[in-house]
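S.K.: According to TrEMBL, the domain 'Guanylate kinase-like' annotation covers A:4-182. What TrEMBL lists as ATP binding site is A:Gly11, A:Pro12, A:Ser13, A:Gly14, A:Val15, A:Gly16, A:Lys17, A:Gly18.
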There are 2 protein chains.
Amino acid sequence: MDKGLLIVLSGPSGVGKGTVCSVLRNKMPELIYSVSATTRLPRQGEVEGVNYFFKSKEQFQDMIARDALLEHAEYVGNYYGTPRDFVERTLASGKDVILEIEVQGALKVKQKFPDGIFVFLLPPSLDELKQRITGRGTESLDTINNRMSVAVEEMNLLRHYDYAVLNDEIDAACDRIRSIIIAEHCRRERFLPYVTGMKAAIEKA
Amino acid sequence: MDKGLLIVLSGPSGVGKGTVCSVLRNKMPELIYSVSATTRLPRQGEVEGVNYFFKSKEQFQDMIARDALLEHAEYVGNYYGTPRDFVERTLASGKDVILEIEVQGALKVKQKFPDGIFVFLLPPSLDELKQRITGRGTESLDTINNRMSVAVEEMNLLRHYDYAVLNDEIDAACDRIRSIIIAEHCRRERFLPYVTGMKAAIEKA
């Protein structure tokens, strides 16, 4: 059986990665979503192995030491990371895995998984990005301008990715990501053994 | 404006290129179909520039001499070829062009258009291919076996293509080709100027 594909969906903060990912989840139920490990405590209703793999700080540090994480980061005092084992087992079973992650984390994953398909979500315009960043709360103009600069710096990392998807409209963006996944399954290399098998069969007949 | 993409759809004889292409034509009206030049006479209802560009033998030979054809071949005493000008003008206008062609012709096109997207249509199985080849008429077993050998030799040329599409079911095959076209439009390279423009705009602001 063919191995599955690892699809890494990233993009600047405020671009709408989470929303696109959750809509895609409904449209492509066959995709397996990578489950993160975290040291933060479970919230009401969160299920181990579904929402997160919940770990103690010691367990998490042990995973780092064993190179058992594709990437990890600290955020507001807690660790978050992508367990390598879950990704590798799922791919080996022939299923595609999607990983939604911020830009820096994605580049770390690329070092360990150069065969992944790296997809970068882009805002339709600077105005739209500003609106989304502003829409989050009541931040000062300085904070907003700072976030815009960070987002544009992050966009500059597009060159390390394979594909760019414009998030102008959620359904359109999801259709593009779905298309990228289908196209990657059609790469010539995946079919060379199939053709070799046919050639052998007809020569034997 | 971005240039369009040249999509070259090929595959062994009997695989169903023509059928897939005509269904795709309905599903993707925005795709422009490459119009061939030929020296054969127009049949009832055929329209110049729609079905073919009809040429005299002298005109056709002149096109060959001027390198005005991406490829050409002789078939039952008539010439057939792909005018380079039509393809280049359409791509320059930002529209995608699809060219349905047999395996050898596609490889000639690749020499002149290495940037094309080369898609190889594969039969779902040897049995299915045999059935399609047999289904065409009342050929002898020798003829059928010979055609099968040729088809399998042609399949061996898959390694020169970018993508393989299994023609197990016409709608599924068309969806795969559509996905390949959409994915190719999402290649990172096409968006680098967009990001550079955003960076320049925010630095200026």
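In case you wondered, yes, glycine gets a Cβ from its N, Cα and C as well.
Just so you know, TrEMBL annotations never went through curation; they're auto-generated.
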S.K.: Does A:Ser13 (ATP binding site) have same-chain partners at least 6 apart in sequence with Cβ under 8 Å from its own Cβ, and which are they?
M.R.: A:Glu102, A:Ile133, A:Arg147, A:Val150, A:Ala151, A:Glu154
S.K.: Neighbours of the ATP site A:Gly11, A:Pro12, A:Ser13, A:Gly14, A:Val15, A:Gly16, A:Lys17, A:Gly18: Cβ within 8 Å of the Cβ centroid, same chain, sequence order.
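M.R.: Counting only non-site residues, the set is A:Leu121, A:Pro123, A:Arg132, A:Asn167.
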S.K.: What is the total of other Cβ atoms whose distance to the Cβ of A:Pro12 (ATP binding site) is within 10 Å?
M.R.: 26
S.K.: Given a 10 Å Cβ-Cβ cut-off, pick out the one of the binding-site residues A:Gly11, A:Gly16 that has the most other Cβ atoms nearby.
M.R.: A:Gly11
S.K.: State the mean pLDDT for the domain 'Guanylate kinase-like' (A:4-182).
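M.R.: Mean model confidence (pLDDT) across the domain 'Guanylate kinase-like' (A:4-182) is 93.
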S.K.: Using DSSP and collapsing to three states, where does A:Gly18 (ATP binding site) fall: helix, strand or coil?
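M.R.: Assignment for A:Gly18 (ATP binding site) reads helix.
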